[in-house]
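J.: Once you've had a glance at the structure underneath, I'll fire off some questions.
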Amino acid sequence: MSHESNYASDGHDATGRSGRIVELLTTYGERAGNALVYSSAYLAAIAMAEVAIAMVLLSLPPNPAPVVVGLVTFAVYTNDRVADVDTDAVSDPDRAAFVRRHRDSLYVLASMSYGLAVAVAVLGGPVALAVTLLPGVFWVAYAADWVPSLAPRLRRLKEVLVVNSLVVALAWATTLTALPVAFTDAAVTPATAVVFAYFLLRSFVDTEIPNVGDVEADRAIDVSTLPVAFGVPTTRRILYGVDLLTAGIVAAAATVGVLGAGPALALGAGLAYSLVVTGLLGRVDSDTLALAAESGYLVVAAALIGPLLLA
């Protein structure tokens, strides 16, 4: 009996230890996931994938552009979340709480990230440096209060319908396309224009999708977005149109030989994914949908780079 009792006790201890290990792993896993999402680190990883896509489409050799863009993305979006923490408390209280709790650390990390990005960009020459500084300049123009202070009748770019999303899209499309070209001293070709147009239109869609979940917060601070101005159903139709326009550009580029069939199909897979995500606007949790939309570039990267790795 004593042996049976010991075996039972050992079994309970093992079960208890396993349960505690699972609980700890779950807790730390959730914390790590929250840190990746709330700090914008995951956006940095996606931005690096976008640059890799541009490099493959333009047949550019390996260069530091993905790392620089990743650092800049982390810095810009982290600073934006720190600056908007009060308004984010309405639309995303969990993220706002995380940012408030780690505000100082996030600010330091963002500053260090941009500083490191600039240091690396200097090695690529003046054009690479200028392109690296561009997102920061656009962010100041986009979010800062200096425009209304100079001209009270004017609004921050962030508050102006369509202009707000277009400014963001223009900044990232330029950076994603121009930085790897600058680092490699590559020529600007028709393919460069197609890649720029692709990222411009896709970034516009990806910027408007999260706005669906921010309607109340945006309305409270007088920020005009497509969902605020027109409602979710009309926003869905507009974004369908933007994606279809992008598909038309990709198809035309493939038809005239600017893009190969493989790259065009990879971009088409990403657009098909985007259309599915857009169709779920207003029907699925907004935060989940925003993450899904931003992850669409991973679909393109897998379709584009996967065959190269297997070859």
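Using N, Cα and C of the backbone, Cβ positions are placed for all residues, glycine too.
All TrEMBL annotations are machine predictions without curation.
The structure displayed is predicted, hence computed values, not measured ones.
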J.: Pick from 93-111, 131-149, 264-282: which range has transmembrane segment per TrEMBL?
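T.: Spelled out, TrEMBL records transmembrane segment over residues 264-282, not the other listed ranges.
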J.: Hey, which bits of the same chain come close to the transmembrane segment (35-58), Cβ under 8 Å, at least six residues off its ends?
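T.: Sequence-distant neighbours of the transmembrane segment (35-58): 65-67, 69-74, 77-78, 81, 94-95, 98-99, 102, 106, 109, 172, 176-177, 179-181, 186, 189, 191-192, 194-195, 199, 259, 263, 291, 294-295, 297-298, 300-301, 304-305, 308.
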J.: Residue list, the transmembrane segment (264-282) vs rest of chain: Cβ under 8 Å, 6 or more residues beyond ends.
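T.: Counting only partners 6 or more residues beyond its ends, the transmembrane segment (264-282) has Cβ contacts under 8 Å with 198, 202, 205, 209, 212, 232-233, 235-236, 239-240, 243, 246-247, 250-251, 253-254, 289, 292-293, 296-297, 299-300, 303-304.
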J.: Quick test of the contact rule: Cβ under 8 Å, at least six residues beyond the ends. What residues does that give for the transmembrane segment (238-258)?
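T.: Contacts with the transmembrane segment (238-258): 190-191, 194, 197-198, 201-202, 204-205, 208-209, 226, 230, 264, 267-268, 271, 274-275, 278-279, 281.
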